[in-house]
Amino acid sequence: MSKGKVCLAYSGGLDTSVILAWLLDQGYEVVAFMANVGQEEDFDAAKEKALKIGACKFVCVDCREDFVKDILFPAVQVNAVYEDVYLLGTSLARPVIAKAQIDVAKQEGCFAVSHGCTGKGNDQIRFELSFYALKPDVKCITPWRMPEFFERFAGRKDLLDYAAQKGIPVAQTKAKPWSTDENQAHISYEAGILEDPDTTPPKDMWKLIVDPMDAPDQPQDLTIDFERGLPVKLTYTDNKTSKEVSVTKPLDVFLAASNLARANGVGRIDIVEDRYINLKSRGCYEQAPLTVLRKAHVDLEGLTLDKEVRQLRDSFVTPNYSRLIYNGSYFTPECEYIRSMIQPSQNSVNGTVRVRLYKGNVIILGRSTKTEKLYDPTESSMDELTGFLPTDTTGFIAIQAIRIKKYGESKKTKGEELTL
């Protein structure tokens, strides 16, 4: 008799194929779920494999449009970044995948969900916190945290032996000495040889982005139009055909930015980051589209965003949003509160940025706006007396100097010399 139906996040790889068979051995019915978030994947082959192993159903949900509109573009608006360089490609995909998995679990009458995340990574937290927010009564079956599973499958050999026993087809390719996770925003590489932070990644590891040294000698120019902080149009000249190409749909804009950046060596990083579970981890990332869109967006904000709004956003909204996304706290009251602050900061971010991509570099060529009036070249010009007179600054400095003078007097009274 079945113990009930479980919705398993299935990748088609060795780990989740073994988990699928193991769940069947435990007496569960299993719905194999996959989310299409733009990764390179043979979904038909994954379906065939899951059903052959014994899944009662295979469901693949196309999340690409929702991923861009609901997650990736708001991340561009808020300039999301973790520890200065990581643009959160993996973290940003988790809420959309988790929601799709819970939706499938509900549709298929599953009492539980399951995944193949390890017990030392961030993803187990990101997925499960999302699951519990979206369906508070759901049960999570987490094999890699269950002694009866991880003690039985202590290494890859145990997984391969079990796969052979169950007739699970395993690709006869040499396992690469690192693990990967891919979506349309980026791909990550970690573990294996990368666990030594001083090991230089081999050239053949990088899958998506051309080596900057091998990138074209001819630069690629493009323009990106923003409305209320959202990229709404991307235009470029195809260097091979000399034809102008313009795209406006959110997914098309994102993919065009991705393809152009990848071809020109833009978006590779290699970092050591702090995981939510208080471990340091080395990761290599290819984050082409977010690198281009974020840099263009930051540049346009310099022209169109109020100074005080920008400082408040940068000091509070951006770091907290980025931290919450990294930690898997998307479906929480605090993240809902933070997300509500993004759009009000972006209402004036309207204009066009001209960008050049060249051998790994994103070069801003210029920016303009037809609607916003914060920038007036005559006000800051050295050649014109407009806005305010030079003598007006005397009073401004005098007011600003009041507390500075008191600070200097205090130091003098205490016999403390101000030093560099």
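Just so you know, glycine gets a Cβ as well, placed from its N, Cα and C.
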Identity of the L-citrulline-site residue among GLU195, GLU273 (reference: TYR86, SER91, ASN122, ARG126, SER179, SER188, TYR285, source: Swiss-Prot): GLU273
Which same-chain residues, if any, lie at least 6 apart from ALA35 (ATP binding site) yet have Cβ under 8 Å of it: ALA9, CYS60, VAL61, CYS63, VAL96, ILE97, ALA100, GLN101
Residue among binding-site residues GLY12, ASP15, GLY116, ASN122 with Cα closest to the Cα of TYR86 (L-citrulline binding site): ASN122
Site extent for L-citrulline, whole Å (max Cα pair distance, TYR86, SER91, ASN122, ARG126, SER179, SER188, GLU273, TYR285): 19
CB within-chain contacts under 8 A for ASP123 (L-aspartate binding site), separation at least 6: THR90, ARG94, HIS115, CYS117, GLY328
For the binding-site residues TYR86, TYR285, the one whose C-beta sees the most other C-beta atoms within 10 angstroms: TYR285
